[in-house]
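Have a look at the structure below before the remarks.
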Amino acid sequence: RMFHDDELEESEKFYVGQPRVLLLIYALYNTLVARSEMVCYFVIILNHMISASMITLVLPILIFLWAMLSVPRPSKRFWMTAIVYTEVAIVIKYFFQFGFFPWNKHVDYTKDKPYHPPNIIGIEKKEGYVHYDLVQLLALFFHRSILKCHGLWDEDEKGESSSNKEDTDDELSLTGGRRDSSASLKSVNLAASVESIHVHFPEQQTAIRRKSSSSISQLSHRSSFSSHRSKRGKYIFKNNNHTTCSLYFLQCKLCVIKSHCGLCCFRTLQVYVPIRQFFYNLIHPDYSAVTDVYVLMFLADTVDFIIIVFGFWAFGKHSAAADITSSLSEDQVPEAFLVMVLIQFGTMVVDRALYLKKTVMGKVIFQVILVFGIHFWMFFILPGVTERKFSQNTVAQLWYFVKCVYFGLSAYQIRCGYPTRVLGNFLTKSYNYVNLFLFQGFRLVPFLTELRAVMDWVWTDTTLSLSSWICVEDIYAHIFILKCWRESEKRYPQPRGQKKKKVVKYGMGGMIIVLLICIVWFPLLFMSLIKSVAGITNKPLDVSITITLGGYQPIFTMSAQQNQLKSLDVNEFNEFLRSYRGNTAALQFLEGYAREDITRADLEGNSNSLWTISPPSRQKMIQGLLDFDADFTVVLSWTIQRFDFSFFSRTLEEVYPYYIKAPSDSLAKPIRQLLRGMSPDHGKQTMWENITVSLVKNGSEEGAREWWVLNQLRKTQKVSQESLELFIFSDKVSPPSLGFLAGYGIMGLYASVVLVIGKFVREFFSGISHSIMFEELPNVDRILKLCTDIFLVRETGELELEEDLYAKLIFLYRSPETMIKWTREKT
């Protein structure tokens, strides 16, 4: 029986009997304790996102280039550096809050300037300047207490002091009779503090290589190297070259310390050597716990890519209200959008190349360049481009936070090392419906499958040509899809001789029927609903009337704007509808318009311009009017043109269109449904309004002035002065976000959407007979294993065997009889 304790059992029973809310709080607290270092990272990054200054920039860079790269965990020196640095930053910020500093006298004027020096440094005066720093300090002390509780706070110090002691003893034995010399002791102590004896020439050590072809050789190398590392004091004596170099280095330091310039060089060495040794140990570790987080890094980059596409305006100047769809519809590519997309896409390609080459050194260099480059661009270049501080740019803050997640994953990948083998797609690890539909969706993304295949071919050692590589990838994808379907058939078998269930028939078949019907009638439904449901009222801003006699100088021009354009109230609108009671055509037309879509324009009867016509033209026009046997053309235009009619008197009969329709995509035209059948005498003929025309002369010292006056005989508003009245029916317009699709019209949507989709649907329903040999495979396990074997021998460097297996795969697809044998069910 296992160890039994009554108190522990009572404690367990007490814990289980607690309320669920309290148990949840306990679980959250334990999670917080277990991941206290992640809490510190999050608070530091959050503080930098809100402050966005040079003071807070140091710790995030140290996180990604020191803490997250440390094996197995960040050392005590890092946490002490973070704590001390945070305390110093708090003191500095507090010191510069006093009002006697010149830049604190005009805070309201300079607080939004991104390149104001105090804002860049982080010493500007503001409310709550130290809140997040205090939270950061609290999180660091919390993590420090957790490490002390588990005895991990002084662990690194003990390990370093023991190794330093061994190295010091060895160095003292080398000095021999010079122990009594103070200079010698001083030099030895300095050497021991830097840990320089056993790290100056690490290239000559027998370090483990990640790309070892045999696991046995890896174990032997690791064991031998770890034994040497455990006896570092004796290791120096076993290698004469190391001993000679160590002695030479000690003598050089004795000479260098004597001069002030040499002391500066030595101080530089004290900083450079540990950093160099840190990255060397990172690239050549004692052991490699390989992992693969490339998928998570790719997802983080994809999220950043989506943020750029939908929030590109946050990375440009004076584009806060921009819309990507409107910009692209106007054939304009914003520079900020283009630069950000290219940079993001380029980093994804480089990351893929490093993953395929499995080069940790390249990944370290890329991580350093990317960390410094992103921080420099986000906090020094971007505020100048957008002319607003980083802390005021929400989209940029979200993009930076996701990029920090990517940096953390990259650091974890570097620390653990790349996987030895990269086999297939990450979506092909399981054979279920989720992987099947995700993989098919992945293949539907334009150019993604092709780009991935070409990049894999470029950065993977292989003997296959590009066409052969793509052939293997296509076969593998096809076999994986078949494998998923076969596994689903095994999980949900269909008994022989039993008809399909109605759930399957009406579920799958009914969904396809509804989908096809929606595709066929999509343009009609879309154009009907886009303006009636989501349409926006587009009222006129200017209404103009122009009358021309026989092509001569216009006799009347007038426009109505602002206050002269009035909407109907409820009573007027109801009275307007009652006037057409019994007129079916008019009521059918009015069904598509609401009260706010109708505008009444009141135009002044006096022309707003004098009638300036030359005497010869005036005489010629009079002769044309006196000839009663000929027709004389009168053109009345408000985007309308009338046909020929005879002019006899000052009253123009049936010439004025009282109701005008203003479509969203064409010229305005009269509404014949409302002008037809208004009087029993006219029946179904079109009846227009009569207007009177008169010429007014005004003599003065400067000469006679003439202008024309028009008056509408029948108006809704009974006014005495000469005027014209016009009703405008404005069609609703589609919202700006859907205007690019509604602009094609019904026929355009049928030609561009329905026919294209119909072509793809037809390809799915036709030509099935030509692929029966490759689709109806009962068991694809052997073919799937052959494909994975090709991937495996390629990763292990057996390129000749890769050629043989590829030839076998091609022969299998060329031989139907062999394919039948290979795909039989196992008995």
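From the backbone N, Cα and C atoms, a Cβ is placed for every residue, glycine too.
Residues or ranges marked as transmembrane segment by TrEMBL: 14-32 (among others). Residues of the same chain lying 6 or more positions beyond the ends of the transmembrane segment (14-32) and with a Cβ under 8 Å from any Cβ of it are 39.
TrEMBL lists 34-154 with the feature domain 'Piezo transmembrane helical unit'. Assigned with DSSP, the residues of the domain 'Piezo transmembrane helical unit' (34-154) fall into helix, strand and coil as follows: 82 helix, 0 strand, 39 coil.
Here TrEMBL flags 39-66 (among others) as transmembrane segment.
Residues or ranges marked as transmembrane segment in TrEMBL: 78-96 (among others).
Residues or ranges marked as region 'Disordered' in TrEMBL: 155-180 (among others).
Among the features that TrEMBL reports, region 'Disordered' is placed at 205-227 (among others).
The annotation compositional bias 'Low complexity' is assigned in TrEMBL to 213-227.
The feature domain 'Piezo THU9 and anchor' is assigned by TrEMBL to 291-528.
TrEMBL lists 293-316 (among others) with the feature transmembrane segment. Long-range contacts of the transmembrane segment (293-316) within the same chain, counting only residues at least 6 positions beyond its ends with a Cβ under 8 Å from a Cβ of the stretch, are 322, 324, 334-337, 339-341, 344-345, 347-348, 351, 355, 382, 385-386, 393-396, 398-399, 402-403, 405-406, 409-410, 412-413, 426.
Annotated transmembrane segment per TrEMBL: 336-355 (among others), in sequence order.
Residues or ranges marked as transmembrane segment by TrEMBL: 364-386 (among others).
Per TrEMBL, the feature transmembrane segment maps to 398-418 (among others). With a cut-off of 8 Å between Cβ atoms, the residues of this chain six or more beyond the transmembrane segment (398-418) that come close are 41, 45, 49, 60, 64, 68-71, 210, 282, 285, 288-294, 296-297, 300-301, 303-304, 307-308, 311, 314, 355, 358-360, 363-364, 367, 370-371, 374, 378, 390.
Counting only same-chain residues 6+ beyond the ends of the transmembrane segment (430-446), those with a CB under 8 A from a CB of the stretch are 477, 480-481, 483-485, 487-488. Marked as transmembrane segment by TrEMBL: 430-446 (among others).
Taken from TrEMBL, the feature transmembrane segment applies to 466-485 (among others).
The transmembrane segment annotation in TrEMBL covers 506-530 (among others).
If you look up TrEMBL, you'll see 568-642 (among others) marked as domain 'Piezo non-specific cation channel cap'.
Away from its own ends, the transmembrane segment (336-355) comes close to residues 294, 297-298, 301, 304-305, 308-309, 312-313, 315-317, 319, 324, 327, 362-363, 366, 370, 385, 418, 422, 452, 455, 458-459 of its chain (Cβ-Cβ under 8 Å, at least six residues beyond either end).
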